[in-house]
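Below you'll find the structure, written out as structure tokens, and then a few comments.
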Amino acid sequence: MENEEIPEFLSPKEEIVYWRELSKRLKQSYQEARDELIEFQEGSRELEAELETQLVQAEQRNRDLLSDNQRLKCEVESLKEKLEHQYAQSYKQVSLLEDELARARSIKDQLHKYVRELEQANDDLERAKRATIVSLEDFEQRLNQAIERNAFLESELDEKESLLVSVQRLKDEARDLRQELAVRERQTDGTRKSAPSSPTLDCDKTDSAVQASLSLPATPVGKICDNSFTSPKGIPNGFGTTPLTPSARISALNIVGDLLRKVGALESKLAACRNFAKDQASRKSYTPVNLNSNSSSSVLNSSGVKYSHAGHTSFFDKGAVNGYEPPGVLGSRPPSPPGMLPLSV
């Protein structure tokens, strides 16, 4: 409106009308502006009150939020401390578990190594066990052979003792038969003196008996033993009342000759065994002795070998007449001289 140009008036009335209308327009605009101002003031007051209430609420909310923030900060600090403490504990626990894991792995490696060593030792022990079993079987076999040999030697020793007994008995019987022969010869000499016509017949009979005895084969040793045990019943001792028949006398002479030959063979056999035992004893006496314990053990072993058959010493006491002392049973069997009968016969 300020920029509006004032028109030119033709008359004062037109000017007055113009200014009146202008004033009316300005007054109306003023009224409108005033109303708007009043309305704006009222609206601004309401808005201010509302903003104040909102500000109060915002301040209250801000205070609440600040308190909540402070509380949350405290909680965060506490949680952070707890987290740090928990992290430290977990780190310590993890480090401890790692150490334990390292120790467990080292122990596991050691155990694996120990298991391998045990397996190797077990294999060695199994091989040693198999070798021991084989050696034990070999030892048992040798022990059984030694036991069998010992039993065989004991049986030979028993047979030898029985042979010594039978030889002594046969010696007694031979002595009795010699005495009986001497008595018979004296009787025959008396009968020859009383009857001079019969000597030729008796000489022929005795010559035929001697030739028959020389022509007969040698009696086996088993039969000799049987005859030696049965002779007291079948052969009279010269003091009985029953006289000997010529056939019985021939058989008795044959048995006596065989027995004398066997006794001589046995005596030579025993002498050879005695010489062999003396040689063995002399060889043992010349062996060097290194330790006292070895000497004592050898003495004990020799004494054990010598007295291992103490139950048979009575028969050897009887056989000691020939000067024979038997060697150890467990020792090696002496070789038989050529042309001699074995002791096991």
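Glycine residues also receive a Cβ, built from the backbone N, Cα and C atoms like all the rest.
Cross-referencing 286-305, 326-345 with Swiss-Prot places the feature region 'Disordered' at 326-345. For the coiled coil (19-190), the model's average pLDDT works out to 90.
Broken down by DSSP into helix, strand and coil, the compositional bias 'Basic and acidic residues' (182-192) contains 11 helix, 0 strand, 0 coil.
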